[in-house]
Amino acid sequence: MKQKFIFVTGGVVSSIGKGLTAASLGALLEGRGHKVTIMKFDPYLNVDPGTMSPLQHGEVYVTEDGAETDLDLGHYERFTSALMNRSNSVSTGQIYDTVLNRERRGDYLGGTVQVIPHITEEIKARIYEAAQGSEIILVEIGGTVGDIESQPFLEAIRQMRIDVGQENSVLVHVTYVPYIAAAGELKSKPTQHSVKELREIGLQPDFLVCRSEKVIDDNLKAKIGLFCSVKPENVIAAQDSRFIYEVPLALHREKLDELIVARLGLSAGKLNMKGWQNLVKILGNPSHTVKIGVVGKYVDLKESYKSLHEALVHGGVANNARVEIIYVDSEKVTDKTVHSLLGKVDGILVPGGFGTRGVEGKITAIKYAREKRVPFFGICFGMQLSAIEFARNVCGIKDATSREFHAENKRTGNFVIDSMAEQRGVINKGGTMRLGAFPCAIASGSRAYQVYKASSIMERHRHRFEFNNKYKDLFEKNGMMASGICKERDLVEIVELPDHPWFVGVQFHPEFKSKPLAPHPLFVHFVKASLKKK
């Protein structure tokens, strides 16, 4: 059987939900027994999002093989069993970088290098590469139809649909149908114009997924279908859901998966979505509520912590609880304000981050959690700061710090957190950190061992700095245990306080491996401990 290609585009506005649509459709096709993968094209000129501000781009999602990617890849992995890698996330910057390097080497034999065919051929080559080993590949095109940046990708899709045959490809266009309160009705004109933009470049959508606040009835579907040359049954209503994990079930109710399977000549299989149904049931009617305070510096944009947010939700579901996440700006946390900001939460989490802004506020929050015996979870930078707090306030090293905070001077001192040897002298920032999955050996009898129920694990990393081993004996003497070690490099990956209700810091990012139907055990146990504190 030939591979099948499902292209997902978006119109009218950005952030319309293309990624969730692709991920949800992937979940439905998997539920019917098909092997899927999903890839994302981002139209920006950055090579990857690794050096972009989270406040502009949202979180950087790290894959097993160490690629720094768009947060939509997190949706793809959470909604399906597919494992993403660097071939699943491609930017305009990567495409141009590859083509221009070939030109410099003389690979084009003196020919004029142009968007068509050179850029479009490279785009198609990336799709074929990502599709290897899968039966179906869903390809999300970032941006909005009509944007200049997206045009080469749309042209490549037009060519591919001819190359692979219309019977082996489907174009799903996600659009927006706004509700005009003054008129009391939904308006289809923006969708019509968005499809018109697609048709002008030779693309006719097979399916329209219409986002809306209100119910789209059959009459409006028929109207949209008529003006957009789409069968009315292929106009899919996608009303706003309470939870993102309702989206696969909502699309199934509209028969999107059935229609696409039939359109591509695939086996319908027997759909099994019981896990998703149970998940939504718990989310809609939990037995408990728990408050978790997340102390960070990127709180103005919640998507900066997207995977973290979802992992906490997963941990709540495993405990039949709704997790109320309270985001706290670390710059506002001081000795005077910490109790008013965190006094009513049941657990405190300090996530990853970079730089000095807001550091002392995070350290104050960690001290509060340790002294008040509030369940605490430190991730990456949060783990490093928990070590600094412990060094200052328990071990008596008042000038304990991280070399990251003094990178531009030659200060010597108590660098409890120090740069790894291979990071010293690194000039380029992009793609040069310790990235991807690495092994960690867990000490028997530790809380980490109780959580994982395993002596060896693999977790994903994104950092330049590590715990300084010359302080390890002093820390353990004063009560902080190094319970997880990367033995290949003798790097401390997990620290914990055995005499605290729940105080764990990890150098890696467990949120990247949490799924709604398979919550990460660290988040399950953190939420469980927070419920006990409540």
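Glycine too: its Cβ is placed from the backbone N, Cα and C atoms.
Taken from Swiss-Prot, the feature region 'Amidoligase domain' covers 1-266. Mean model confidence for the region 'Amidoligase domain' (1-266) is a pLDDT of 95.
All protein chains included, Lys187 (UTP binding site) registers 15 other Cβ atoms within 10 Å of its own Cβ. The UTP binding site annotation in Swiss-Prot covers Ser14, Lys187, Ser188, Lys189, Pro190, Thr191, Gln192, Lys223 and rests on sequence analysis.
Swiss-Prot lists Ser14, Asp147, Ile148, Glu149, Lys187, Ser188, Lys189, Pro190, Thr191, Gln192, Lys223 with the feature CTP binding site, giving sequence analysis as the kind of evidence. Within 10 Å of the C-beta atom of Gln192 (UTP binding site) sit 15 other C-beta atoms, taking all shown protein chains into account.
According to its DSSP assignment, Ser15 (ATP binding site) is coil. Residues or ranges marked as ATP binding site by Swiss-Prot: Ser15, Ile16, Gly17, Lys18, Gly19, Leu20, Asp72.
DSSP assigns Asp72 (ATP binding site) to a helix. Cβ neighbour count for Asp72 (ATP binding site) (all protein chains, 10 Å cutoff from its Cβ): 25. As annotated by Swiss-Prot, Mg(2+) binding site applies to Asp72, Glu140.
Per Swiss-Prot, domain 'Glutamine amidotransferase type-1' is recorded for 291-534, and the stated evidence type is sequence analysis.
Residues or ranges marked as L-glutamine binding site in Swiss-Prot (evidence: sequence analysis): Gly353, Phe381, Gly382, Met383, Gln384, Glu404, Arg464. Around Phe381 (L-glutamine binding site), the same-chain residues six or more apart in sequence whose CB sits under 8 Å from its CB are Val350, Pro351, Gly352, Gly353, Phe354, Lys362, His463, listed in sequence order. The secondary structure of Phe381 (L-glutamine binding site), as reduced to three states from DSSP, is helical.
Annotation for Cys380 (active site, nucleophile): spatial neighbours Pro351, Gly352, Gly353, His461, Arg462, His463, Val506, Gln507, Phe508, His509, criterion Cβ-Cβ under 8 Å with sequence separation of six or more. Look at Swiss-Prot and you will find Cys380 tagged as active site, nucleophile.
Under DSSP, His509 (active site) is assigned to coil, being neither helix nor strand in the three-state scheme. Under the heading active site, Swiss-Prot lists His509 (among others).
Swiss-Prot lists Glu511 (among others) with the feature active site, giving sequence analysis as the kind of evidence. Note: Glu511 (active site) has non-local neighbours Ser307, Leu308, Glu310, Ala311, Ile379, His520, Phe523, i.e. same-chain residues 6+ apart with C-beta under 8 A of its own C-beta.
Rounded to the nearest whole angstrom, the C-alpha distance between Met383 (L-glutamine binding site) and Asp72 (ATP binding site) is 26. Each residue in Gly352, Phe354, Cys380, Leu385, Ser402, Ile417, His463, Phe465 lies on the same chain as Gly353, Phe381, Gly382, Met383, Gln384, Glu404, Arg464 and has a C-beta within 8 Å of the C-beta centroid of that L-glutamine site, without being one of the site residues.
Here the candidates are the binding-site residues Lys18, Gly19, Gln384. The one whose C-alpha lies nearest to that of Lys189 (UTP binding site) is Lys18. Annotated pair Lys223 (UTP binding site) and Glu404 (L-glutamine binding site), C-alpha to C-alpha distance, rounded: 59 Å. For the recorded positions shown (Lys18, Lys189, Lys223, Arg464, His509), fewest C-beta neighbours within 10 angstroms: Lys189.
Cα distances from Glu404 (L-glutamine binding site) to the binding-site residues Ser14, Gly17, Asp72, Ser188, Thr191 are smallest for Asp72. Listed in chain order, the extra residues whose Cβ falls within 8 Å of the Cβ center of the ATP site residues Ser15, Ile16, Gly17, Lys18, Gly19, Leu20, Asp72 are Gly10, Thr21, Ala22, His75, Glu140, Val174.
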